[in-house]
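Record features, source TrEMBL:
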- B:20-97: domain 'ThiC-associated' (DOMAIN)
- B:ASN212, B:MET241, B:TYR270, B:HIS306, B:SER326, B:ARG327, B:GLY328, B:ASP367, B:GLY368, B:LEU369, B:ARG370, B:GLU406, B:TYR433: substrate binding site (BINDING)
- B:HIS410, B:HIS474: Zn(2+) binding site (BINDING)
- B:CYS554, B:CYS557, B:CYS562: [4Fe-4S] cluster binding site (BINDING)
Protein chains: 2
Amino acid sequence: MACEKHKLSYSSLLEDACRPFPSSRKIYISGSRDDIQVGMREVLLSDTSGRFGNEKNEPVRIYDTSGSYTDDKPLHDLKRGLPLLREKWIIERQDTEKLKGKSSVYAHSRNQDLRFDSVRFAEKKTPRKAQSGKCVTQLHYARRGIITPEMEYIAIRENLGRTAAGIDSPITPEFVRREVAEGRAIIPANINHPETEPMIIGRNFLVKINVNIGNSAVTSSVEEEVEKMLWATRWGGDTIMDLSTGKHIHETREWVVRNSPVPVGTVPIYQALEKVKGKVKDLSWEVLRDTIIEHAEQGVDYITVHAGVLRAHAAKTRDRVTGIVSRGGGILAQWCELHDAENFLYTNFRELCEVCQAYDVALSLGDGLRPGSSADACDEAQYAELKTLGELTQIAWEYDVQVMVEGPGHVPMNRIKENMDLQLEYCHEAPFYTLGPLTTDIAPGYDHITSGIGAAMIGWYGCAMLCYVTPKEHLGLPNRDDVKAGVIAYKIAAHAADIAKGHPGARVRDDALSKARYEFRWEDQFNLSLDPETAVAYHDETLPQDGAKSSEFCSMCGPDFCPMRMTQDVREMDSSKQPAL
Amino acid sequence: MACEKHKLSYSSLLEDACRPFPSSRKIYISGSRDDIQVGMREVLLSDTSGRFGNEKNEPVRIYDTSGSYTDDKPLHDLKRGLPLLREKWIIERQDTEKLKGKSSVYAHSRNQDLRFDSVRFAEKKTPRKAQSGKCVTQLHYARRGIITPEMEYIAIRENLGRTAAGIDSPITPEFVRREVAEGRAIIPANINHPETEPMIIGRNFLVKINVNIGNSAVTSSVEEEVEKMLWATRWGGDTIMDLSTGKHIHETREWVVRNSPVPVGTVPIYQALEKVKGKVKDLSWEVLRDTIIEHAEQGVDYITVHAGVLRAHAAKTRDRVTGIVSRGGGILAQWCELHDAENFLYTNFRELCEVCQAYDVALSLGDGLRPGSSADACDEAQYAELKTLGELTQIAWEYDVQVMVEGPGHVPMNRIKENMDLQLEYCHEAPFYTLGPLTTDIAPGYDHITSGIGAAMIGWYGCAMLCYVTPKEHLGLPNRDDVKAGVIAYKIAAHAADIAKGHPGARVRDDALSKARYEFRWEDQFNLSLDPETAVAYHDETLPQDGAKSSEFCSMCGPDFCPMRMTQDVREMDSSKQPAL
């Protein structure tokens with residue numbers, strides 16, 4: 001549909017993804033071994049000069065999720081996928097092997113089906129799996145005291161290179177290992193997604209954001225979904241979830257995973273339902289299990305499973321204003337009812353863990369009964385499910401499977417902290433991953449803002465990852481522009497949370513931007529911002545002249561009323577007649 | 001400049017302002033006397049039907065700041081101004097008189113100057129003033145136990161008609177009176193702005209938002225500023241501030257005040273500086289005093305005065321990253337330095353109060369030393385000034401002058417509550433009125449969001465009015481679209497705060513919208529939203545067909561994956577085989 005309208009080509013997608021950020025260069029910080037090279041963006045600043053004194057301004061390092069697309073000389077072919085950054089580390093551990101013969105029945109038959117040749121990702125790869133009896137999760141290694149290259153990579157990345165530069169930081173590779181070992185953080189890193197740049201989700205690290213993409217039966221194409229992935233990671237998405245429910249789910253995911261520099265999450269039950277032609281009654285653990293293996297073989301780094309939607313909990317939603325609003329939750333509640341049976345994800349949870357530990361697929365325990373409105377927030381159904389998720393967390397940990405726990409949704413501001421505190425208590429400090437929460441229901445079209453407020457707050461209170469919400473929430477499937485609007489709103493929320501938490505160095509970028517602002521280094525102010533293109537466009541709307549970029553005012557106040565210019569005047573008067581003022 | 005580009009006409013401005021909201025009608029609730037008629041917008045909803053049962057959905061009443069522009073049959077002429085709603089109440093009190101002869105020297109001479117005939121508001125009006133020795137402030141009446149028609153109007157308005165409908169509410173006319181008498185709330189209501197619909201600013205009422213408009217030397221025209229005022233009040237601005245610093249300040253303000261259904265605030269020192277041709281050294285109490293009288297005679301309801309910018313406090317900003325960022329603060333700090341003298345607003349504060357009590361101009365004690373960056377937040381300079389504002393509050397109260405206190409600015413989330421608590425303590429519970437605060441500095445172009453987060457939080461903590469921030473903040477003068485974006489973001493923040501505070505009835509609109517959402521009453525969902533136009537446009541981007549407005553899905557999930565449809569399926573299965581689920 002929409003794709004036919006704007007006719008995307010992979011080369012134009014790539015061009016957009018590789019466009020350099022202004023006055024920025026990609027740098028790589030080396031770890032203890034040559035193949036640990038952590039990419040960061042460095043924004044180069046102009047010198048302070050003239051009346052503000054003479055001073056060099058150090059470049060500012062920015063946590064970079066855009067992968068090698070923003071390398072100085074990017075070498076890419078979307079049809080071949082990204083380089084295999086982690087492959088050597090995975091092989092070195094000698095606990096995996098290439099898959100012999102078929103594993104996911106569906107994947108095998110789908111890959112043979114000639115009808116999908118035209119949309120299929122061409123580059124073939126044989127998936128890996130743990131050797132029989134082995135567990136290949138980062139949690140497993142961490143518990144055995146092993147610091148993996150992934151952990152070291154993360155320590156450097158979280159410090160934005162401070163460790164490498166010899167600056168003290170609490171975030172050491174050993175700190176990363178311990179947080180993972182204790183279940184407070186996860187490293188989503190499927191052995192079949194060696195393209196991913198290691199990152200961590202945990203409340204003692206930078207707050208992360210997830211970006212949902214994916215088609216629906218109504219709209220979108222493979223190209224559009226690849227475009228959204230590239231756009232999401234360019235603007236700062238730390239993970240993406242491919243929530244496709246429309247056509248070509250298998251092929252779309254392959255394209256996305258092979259080209260994604262960040263971990264990819266999915267909700268396998270969506271595809272399982274598509275496999276049974278939308279008939280909830282026909283779903284079964286067997287269909288879902290095969291789908292999960294299919295995803296695991298493709299390299300999905302974490303999956304959402306709504307294993308906590310128990311019949312007794314779902315019954316508690318009966319008097320809600322908005323019932324069940326999680327797609328997975330809705331499917332499973334309906335299945336239970338149709339079969340007069342308990343949720344098959346709950347009853348087969350241990351077998352699920354066995355699958356996950358063979359690929360290092362992290363579990364994201366879905367909150368299928370999250371509230372869909374302020375009216376339903378913090379009710380019995382929600383908290384009953386949360387307790388069950390806590391029990392499941394402990395079971396997953398028995399299998400060394402990494403776990404995070406999903407949360408709401410819609411919560412008034414005065415009850416956000418309660419949600420965070422209860423999650424920590426019920427779920428034994430496993431990382432919390434929330435959708436917003438939206439703090440009011442009256443602004444469809446602006447739910448990136450209603451939820452950005454809640455997201456910032458819960459991030460400050462300890463939420464590890466914030467699932468973005470776009471302006472299209474409740475109204476339609478987001479397009480590329482909506483994805484960007486959602487990402488920027490959530491980068492703001494996550495960063496505000498990092499500052500409030502006192503994360504070491506979180507304010508470096510703020511302070512550099514504020515100094516540039518005060519000194520009328522307009523270009524530096526734009527370049528340090530989350531979205532330089534928009535900042536410069538807004539400025540230039542009224543003052544497009546080149547000279548305005550060195551003026552000591554903008555069109556807001558005009559030349560006579562700029563308070564920052566006046567302060568500087570006062571400071572100069574002051575220093576010329578010390579010690580007054 | 002810009003005005004020449006888009007050539008506005010007053011008739012087209014009016015057409016936009018009067019465009020009815022979809023499925024809405026204006027209702028008027030009567031008070032104890034015939035001329036108390038409180039306007040509200042009522043959104044009419046469709047019935048619940050079909051599988052969701054059969055039920056009438058009551059109309060939802062919405063607090064309405066758009067004045068009579070959205071009457072069912074609006075009768076307006078921007079060249080003549082709004083009807084004089086409060087005139088009779090003011091005259092009845094028999095404590096005012098029409099001005100005899102000139103009062104503001106500048107206003108008198110300006111009104112005689114033929115050069116400004118082309119931009120002048122045509123309708124002439126003789127201003128009123130208190131009779132000699134009288135005080136005409138709402139605080140004065142409140143302290144004497146008088147419930148004014150303004151207070152009764154406000155009680156009805158805050159209750160959205162609940163009182164009139166016989167429903168119990170804590171907000172009675174007497175409650176309004178007491179809150180005003182005790183200084184916890186103000187009613188900005190200049191006797192020369194009888195066009196204004198009474199409203200209240202105090203933490204025990206709905207959280208209000210202010211919308212800054214005004215030209216600068218660089219851009220804008222009278223027409224554009226009238227347009228921004230109309231646009232601001234249409235989308236929910238509770239007060240506006242005309243911060244013009246460019247051409248025709250006097251004339252622009254007259255046009256704005258005569259047509260504004262909400263209180264108008266100004267910062268008189270901006271115009272005073274323009275009068276002395278931008279030379280800070282030439283400013284004096286005399287020039288400013290005449291300017292304040294000029295504003296008071298025109299009907300300005302509250303003025304910002306930076307009387308707390310003392311020399312000793314300003315000295316504490318020396319090591320700041322961003323110095324002084326309040327325009328008024330910058331001007332006064334510079335004046336002090338140039339004259340080696342204390343701030344003339346501080347030294348003449350009692351005379352200022354005498355002027356204010358003669359017109360009921362409320363004081364908004366400006367925070368001239370508010371931080372301009374996270375780096376400078378909550379520093380000694382800021383809090384020292386806040387304490388001084390507390391002293392000035394008590395002096396104003398000696399004169400029965402209404403007072404609110406302005407606050408930051410830029411504050412990390414973890415220190416927002418501290419700001420609120422200290423303001424209540426230092427300023428004796430006078431209403432707090434903050435600009436944001438911005439919770440991070442890294443997102444120019446999106447500061448309606450960085451600050452919307454802080455605004456929602458401080459509103460919840462007790463801030464009475466939130467000064468909006470637009471996407472253009474730090475970059476340029478906002479235009480009409482930016483004004484709307486800022487207003488919507490701040491309506492969200494204020495409403496989220498009302499809900500978190502548990503304001504009676506705050507969630508009625510949310511719950512009605514959520515119910516409509518669940519029942520797939522798409523039109524009702526759009527019509528109940530803050531911005532129906534945007535909501536419907538987003539929905540129609542992918543599903544423009546008329547039939548989609550009654551579909552049980554949107555393009556986000558498509559027909560098979562709508563969780564709310566599934567819940568309803570489950571509920572139906574459930575009720576057909578009681579008592580299971």
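Just so you know, glycine gets a Cβ as well, placed from its N, Cα and C.
Projection of TrEMBL feature records onto the structure.
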residue  : record                        : CB count, 10 Å
B:TYR270 : substrate binding site        : 25
B:SER326 : substrate binding site        : 27
B:GLY328 : substrate binding site        : 26
B:GLY368 : substrate binding site        : 33
B:ARG370 : substrate binding site        : 26
B:TYR433 : substrate binding site        : 27
B:HIS474 : Zn(2+) binding site           : 23
B:CYS554 : [4Fe-4S] cluster binding site : 23
B:CYS557 : [4Fe-4S] cluster binding site : 23
B:CYS562 : [4Fe-4S] cluster binding site : 20
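Among the binding-site residues B:ASN212, B:ARG370, B:CYS557, the ones with a Cβ under 8 Å from a Cβ of chain A are B:CYS557. Look at B:HIS474 (Zn(2+) binding site): DSSP puts it in coil. According to DSSP, B:ASN212 (substrate binding site) is assigned to a strand segment. For the recorded site, B:SER326 (substrate binding site), the DSSP three-state label reads coil. The separation of B:CYS554 ([4Fe-4S] cluster binding site) from B:ASN212 (substrate binding site), Cα to Cα, is 37 Å. In this structure the alpha carbons, written CA, of B:GLY368 (substrate binding site) and B:CYS554 ([4Fe-4S] cluster binding site) are 49 Å apart. In this structure the alpha carbons, written CA, of B:CYS554 ([4Fe-4S] cluster binding site) and B:HIS474 (Zn(2+) binding site) are 38 Å apart. Taking every protein chain shown into account, B:ASN212, B:HIS410 are the binding-site residues, and of these the Cβ with the most other Cβ atoms within 10 Å belongs to B:HIS410. Spanning the listed substrate site, residues B:ASN212, B:MET241, B:TYR270, B:HIS306, B:SER326, B:ARG327, B:GLY328, B:ASP367, B:GLY368, B:LEU369, B:ARG370, B:GLU406, B:TYR433 have a farthest Cα to Cα distance of 20 Å. If you average pLDDT over the domain 'ThiC-associated' (B:20-97) in this model, you get 94. Taking the Cα atom of each, B:HIS474 (Zn(2+) binding site) and B:SER326 (substrate binding site) are about 12 angstrom apart. A gap of 52 Å separates the Cα atoms of B:GLY328 (substrate binding site) and B:CYS557 ([4Fe-4S] cluster binding site).
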